[in-house]
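A.B. asks: Residues or ranges marked as signal peptide in Swiss-Prot: 1-26. Sequence annotations record features per position, and here Swiss-Prot assigns topological domain 'Extracellular' to 27-188, 240-282, 343-361, 429-440. What Swiss-Prot records for 48-117, 108-148, 131-170 is disulfide bond. Per Swiss-Prot, region 'Disordered' is recorded for 67-104. Residues or ranges marked as N-linked glycosylation site in Swiss-Prot: 151, 161, 166, 176. The topological domain 'Cytoplasmic' annotation in Swiss-Prot covers 213-219, 307-320, 383-409, 464-591, and the record cites sequence analysis as its basis. According to Swiss-Prot, the motif 'Important for interaction with G proteins' annotation covers 474-477, on the basis of similarity to another entry.
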């Protein structure tokens, strides 16, 4: 006989429920929660128990009157004879017991199997009931089937002490849709690859910025905080998935039989035991929400910092850095803590991984506010960039180059400001379906998971200052390695007085037994050491009026604002306005 297979989403739905002492009404929410599903199941059970009492009482009277039992169709018309071995669906349950008799015998008694309320079954007939609409993930156009044998008992699975039932049509919506399964597999692969690449690239970027001391400045400190928030967001997603779905794979869920589903749905665990069992997953979900919020707020900090550099005449970077740090890490902790308190007090059920009514807005409203504010800052900065480009190219005829620069600057700022969040911000994914839903999910999974990778590439690996430091470090390392290699091979270096050259492998010094006959053109030119001293004049040269020449020379100090250098960025001029070259490194990155 057939064996019912339960879909993954329903198994996960019923695997972690905790029934509270007092049921609340099902929230008019955009997400169907586990608690709401359990409430509907128990309400259906209560209605079924009431109906069973009435039907059993009527059936007992019929059997006592020796009128027997005959099945009736859902429309009240006589049912046609059916070919054996075929399933014939009915649109609703039989609620009235007919008095007409074509076939005598004891009927199969109605019962509640923790999923469906089964009606009386006629001997030798297949009973079909619609897939219940109170189970959210069922295919509500299908039917579930049972067979009543000629002895008045529900047919059992051979070799198993359980009732046979066929829920295949109810589960067809989830298990037999290969195309939908491929979509979910593809989405999972996209965000797994994206977050893995982001985590790896951001780790390298943070190590680079932390290793080179010349890169230590306010601008790069803020970059490092944002990189760290992306890393923690990716890591928390992987941890959350591992904790929530560690004991339940999709293949295992699909192998669950109808009997196992009944056991899952029967009695929820006690609240005390459930609280201990859910502690790990609740902590994982809480940290995931916190790091998600901090990531949004550090993206906002980047926008506020760049906006402040442009529009604030007096800007103390060191003082603002502390404020930005508290804002980026502290403010999300406040509203996440409020959400945890409300959830633990009013909706302390399950793993907290699904929304519970309108309590989700405690976290979503601050995040949406940061996205909107950052988008406003983005528009204002793009306006300033366009104005700067027009002023720079005033009097020139090549406007296409101007537009290309503006487009490039805009694309560079898009991942930094998280502009892609605004595309579907006003369209919740639960309100769309079909092709639009697939487009939205692929778009969000792609950009959200790869955003950290794009940010690391643009603001670290493609940064001219970072590349210069890496090249200098590489040159020093190769020179030191070359010097050690030559020292081990026995080579020595020739010297010109106190100076040593590391580029020669020939000993030119007057050492006995080791001198080589060299051409005069290959020998170093003889130099007069006095000619290198200050105040020395060649014989016959005109005398210098001022014979006092300073030993030290004044060299203009590099303020550090040019060429993207960090040196000097954090040196404030007391009481003076911010120097104009302060934006040079930002413009070079953006332009």
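The backbone N, Cα and C atoms fix where each Cβ goes, glycine too.
What you see is a predicted model, and the numbers here were worked out from it, not measured in a lab.
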A.B. asks: Among all chains shown, work out which of the disulfide-bonded residues 48, 131, 148 has the most CB atoms within 10 A of its CB.
C.D. replies: 148
A.B. asks: Take the topological domain 'Cytoplasmic' (213-219) and count its residues per DSSP category (helix H/G/I, strand E/B, coil), listing them in that order.
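C.D. replies: DSSP composition of the topological domain 'Cytoplasmic' (213-219): 5 helix, 0 strand, 2 coil.
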A.B. asks: Determine the Cβ neighbour count for residue 161 (N-linked glycosylation site): the number of other Cβ atoms within 10 Å of its Cβ.
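C.D. replies: Excluding its own Cβ, residue 161 (N-linked glycosylation site) sees 7 Cβ atoms within 10 Å.
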A.B. asks: Quick check on the motif 'Important for interaction with G proteins' (474-477): DSSP residue counts for helix, strand, coil, in that order please.
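C.D. replies: Result for the motif 'Important for interaction with G proteins' (474-477), in helix, strand, coil order: 4 helix, 0 strand, 0 coil.
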A.B. asks: Give the helix, strand or coil assignment DSSP yields for residue 170 (disulfide bond).
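C.D. replies: In three-state terms, residue 170 (disulfide bond) counts as helix.
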A.B. asks: Mind telling me which of the glycosylation sites 151, 166 has the densest Cβ neighbourhood, counting other Cβ atoms within 10 Å?
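C.D. replies: Of the glycosylation sites 151, 166, the highest Cβ count within 10 Å belongs to 166.
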A.B. asks: What Cα-Cα separation, expressed in whole Å, is found between residue 161 (N-linked glycosylation site) and residue 170 (disulfide bond)?
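C.D. replies: With the alpha carbons as reference points, the distance is 23 Å.
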A.B. asks: How many Å separate the Cα atoms of residue 48 (disulfide bond) and residue 170 (disulfide bond)?
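C.D. replies: Distance between the two Cα atoms comes out at 19 Å.
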A.B. asks: Quick one: mean pLDDT on the topological domain 'Extracellular' (240-282)?
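C.D. replies: Value for the topological domain 'Extracellular' (240-282), mean pLDDT as a whole number: 57.
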A.B. asks: If I restrict to non-local contacts, at least six residues apart, and a C-beta distance under 8 angstroms, what lies near residue 170 (disulfide bond) in its own chain?
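C.D. replies: Listed in sequence order, they are 131, 135, 138, 139, 142, 143, 144.
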A.B. asks: About how far apart, in whole Å, are the alpha carbons (Cα) of residue 117 (disulfide bond) and residue 148 (disulfide bond)?
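C.D. replies: About 15 Å separate the Cα atoms of these two residues.
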A.B. asks: For residue 148 (disulfide bond) and residue 166 (N-linked glycosylation site), what Cα-Cα distance in Å is obtained after rounding to a whole number?
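C.D. replies: Rounded to the nearest whole number, the Cα-Cα distance is 13 Å.
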A.B. asks: Could you check the disulfide-bonded residues 108, 117 and say which one's CB has the most other CB atoms within 10 Å?
C.D. replies: 108
A.B. asks: In which DSSP state, out of helix, strand and coil, do we find residue 48 (disulfide bond)?
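C.D. replies: In three-state terms, residue 48 (disulfide bond) counts as helix.
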A.B. asks: Measuring Cα to Cα, tell me the gap between residue 151 (N-linked glycosylation site) and residue 108 (disulfide bond) in whole angstrom.
C.D. replies: 8
A.B. asks: Rounded to the nearest angstrom, how far is the Cα of residue 166 (N-linked glycosylation site) from the Cα of residue 108 (disulfide bond)?
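C.D. replies: Just about 17 Å between their Cα atoms.
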